[in-house]
Structure formats: structure tokens, C-alpha cells
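Enquirer: Provided herewith is a single structure, encoded as C-alpha cells, for subsequent inquiry.
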Amino acid sequence: MEKVGLVLEGGGMRGVYTSGVLDYFMEQDLYFPYIIGVSAGACNALSYLSRQVGRSREVNVNYASDKRYINYRNLLKGKGIFNMDFLFNDIPNRLVPFDYEAFHAAQERLVIPTTDCQTGQAHYFEKEDRSEKVISAVKASSSLPLVGKMVELDGKELLDGGIADPIPIKKSVEDGNEKHVIILTRPKGYQKKPFRAKVTANLVYSNHKNLVSALDKRHEIYNQSLQYIEELEAAGKAYVIRPQENEVVKRTEKDPEKLQELYLRGYNAAISHADSLKRWLYKNAAKDTQAKVETIY
């Protein structure tokens, strides 16, 4: 399975839908040579590459209501709603151990989009970077604007990759992939609305005008990406898995029952797509093999 990219949208706690899809993929030993995940999609990609079935579900369902994970009072302390130290230190190193060795042994390529707060442009990191840089990149990609703190890495101030590249399908194409399996966290027909907090953003990011501009244009980039995905689908170059109905989960959802329900939706969606996805993945591969045989003989 060459030149196939797995593209993972973010969406905060809505990313638990993706956790369900990827858990089924892992159970079926279905791994793609290229993975690009933004924000929550990047977090899911970590456990996918470390081959830890159920880990992302455990983190997000079991700890979402923990005040150490999501706490609005943190904003009053100048911190983000999501406790990033808890999420990227306590959880992976103690509470729900992350298999760093298996992650680095994985042969798949991982790309992590972030947003450069000075330029407002996407900045990408890869798995080949040293361990602490990869984790910091995922931390940056997951740091939501206005309710999260910038992450400093490689001399750059970084935030949520979903600002500059919300559905990184074009990056997957640019990196040479010819087919793309895309997991979205919004149902078909969804369109992102214009940014409504520009006044607040101008106050908070008064020294980062390009970031404010990127936030203001994010809905355009997002909706253009959806249109591009539809074109790829029509051309047989993209396979999309997404919720069939409006989700019951907010971006900062803390209700474990709602999160578990969304996880199961993702898991069951992967089951229902399994046969058609495999046919789609190997359709052209079979034709190519037949063509090579005919050429030889």
C-alpha cells in the first residue's frame, strides 16, 4: 500500500470519534505509510503509531471530567482550559503510559501541522525529530487559540495547527500521496462559520496580527478544504469517514457518557466501512499488478 495518506482532522474532544475509527484499524492491523494529524488528530496519531489500542479512548473518556485535564478556572490563572502539562506529562508518563519505544520503532511517516503565530502560516514537524520535539509539536498543534497558551519550539511561537491548516489534505497531496483516507469529525454538509471573536483576538494577540488574520480566514480555508476533498472523492482519490449526524460532543466536552457514545460511533463507522475501504484501497493496486504481469508476458 504505497502513496496512501491518512489525514486526521482535529476538533478538540470531538476527536474521540477518530479514536474509535483508529482503534478498529489497529485491531485489523491496518496501518498507512503516511499519517498527518492536526490538533486532536495528532494526539490520536501518537497512540495509533505506538500500536496502543484503546489508549486514546481511555485518556479522553476516563479523564475528561478530571479537573486536572479540563478546567475553565485555569483561564483566570493565565493558563489554558486544557492542562497541557497533565495531558503531555502526567498522563503519558504515569497514568496511561505511552509506549515511546514502539512509537519510534514504527516505520510510518508522521507529519504534525502547527501554526506559526508570527507568520500565521502552517509549520510542520515530523516523527524523525527527537522524541521531546515530537511531543512538543503535538502539544503545540493541540493548543487552541484564545483558550490555550502558545508553545515555544525551534524559536517559534506555535498554536493549534487547525488555524492555518484545519484539514491538511493539500499537504498530503504535496508530499506525494496519490490516495487519501480522511477521517473528519463533522458530518457531511457542515460548513464552518466566520470567526466571531476577532475583537477579542485583536486584544489577546495584539502583537501577532498575522495570527489574527489567519483566525479570521480559517473558515474559508476549512470550507475550501472540504470542497477539495469532495473533488478528490469524485475522482476516486479520497475515501472519507465521518459522523453521520451532528455530534453531541462539544469541543471542550467533559461528559464521559457523551464521549463514550461518540467513540462507539467512530468504532462502528470503521466496521461499516471496512469492506468498501479495503476494496477502494486495493482496487488500483490489483490493476497495476495485472498490468505488470501482462507486460512481462
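Placed from the backbone N, Cα and C atoms, the Cβ positions cover glycine too.
Heads up, here are the entries from TrEMBL:
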type	residues	note
ACT_SITE	SER39	active site, nucleophile
ACT_SITE	ASP160	active site, proton acceptor
DOMAIN	6-173	domain 'PNPLA'
MOTIF	10-15	motif 'GXGXXG'
MOTIF	37-41	motif 'GXSXG'
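Let's see these features in context: how buried, what's close, how far.
Expert: Here SER39 (active site, nucleophile) comes close to GLY10, GLY11, GLY12, GLY15, SER141, SER142, LEU144, ASP160, GLY161, GLY162: these same-chain residues lie at least six apart in sequence, with C-beta atoms under 8 angstroms from its C-beta. Following the DSSP three-state reduction, the secondary structure of SER39 (active site, nucleophile) is coil.
Residues belonging to the domain 'PNPLA' (6-173) score a mean pLDDT of 94 in the model.
For the motif 'GXGXXG' (10-15), same-chain residues at least 6 beyond its ends with a Cβ under 8 Å from one of its own Cβ atoms are 37-44, 56, 60, 64, 141-142, 144, 160-162, 166, 185-186, 247, 249-254, 259, 262.
Through the fold, the motif 'GXSXG' (37-41) approaches residues 7-15, 18, 110-113, 141-142, 144, 160-162, 165-168, 183, 185 of its own chain, all at least 6 residues removed from its boundaries and within a Cβ separation under 8 Å.
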